[in-house]
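Pulled from Swiss-Prot:
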TRANSMEM  5-25  transmembrane segment
TRANSMEM  39-59  transmembrane segment
TRANSMEM  67-87  transmembrane segment
TRANSMEM  102-122  transmembrane segment
TRANSMEM  134-154  transmembrane segment
TRANSMEM  171-191  transmembrane segment
């Protein structure tokens, strides 16, 4: 039980996919201008990452490995992720049309979010079992959502601040992301995996 908790904390804080592994930077920079859209994207990504992590584990364990076709791993994981994203898009469209409009193009772009594929591939390379795959996928999603929401809140405050003209826009956003990354480095000694 302790190793599962350490895996979760390690994935959320110590080995954060955005700030440490640099995966998922496109939605991190693209959706983080408004807090509302960042929360929606975080929830959608949490659902997709967790479900895709489970599905990719099942595909790897029960289809690819027994048939000896591990060389199709990346292509099959992309297919699994695309199916999960389409399912998520249908659910969001039916349950919250306003969130569906706010997320716009970024919801289908979860398919190409490298963090989702990265979690699926890292689950296989790190030999996680079924429960560890769920925890790893959920932890990566929570870490992504946490960083996205924090960054979005900071960007809203920075937008209202008096920022020098050369630093407005992407420049100050990159500086802020770098400072967040430094802050998350403080968690480095927290969990040894």
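Even glycines carry a Cβ here, placed using N, Cα and C.
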Given the transmembrane segment (102-122), which of the listed stretches 5-25, 39-59, 67-87, 134-154, 171-191 has the most Cβ pairs that are under 8 Å apart from it? 39-59
Output the single range from 5-25, 67-87, 134-154, 171-191 maximising the number of Cβ pairs under 8 Å to the transmembrane segment (39-59). 134-154
Outside the transmembrane segment (5-25), at least 6 residues beyond either end, the same-chain residues with a Cβ under 8 Å of its Cβ set are 45, 113-116, 118-119, 132, 135-136, 138-140, 142-144, 146-148, 177, 180-181, 184, 187-188, 190-191, 193
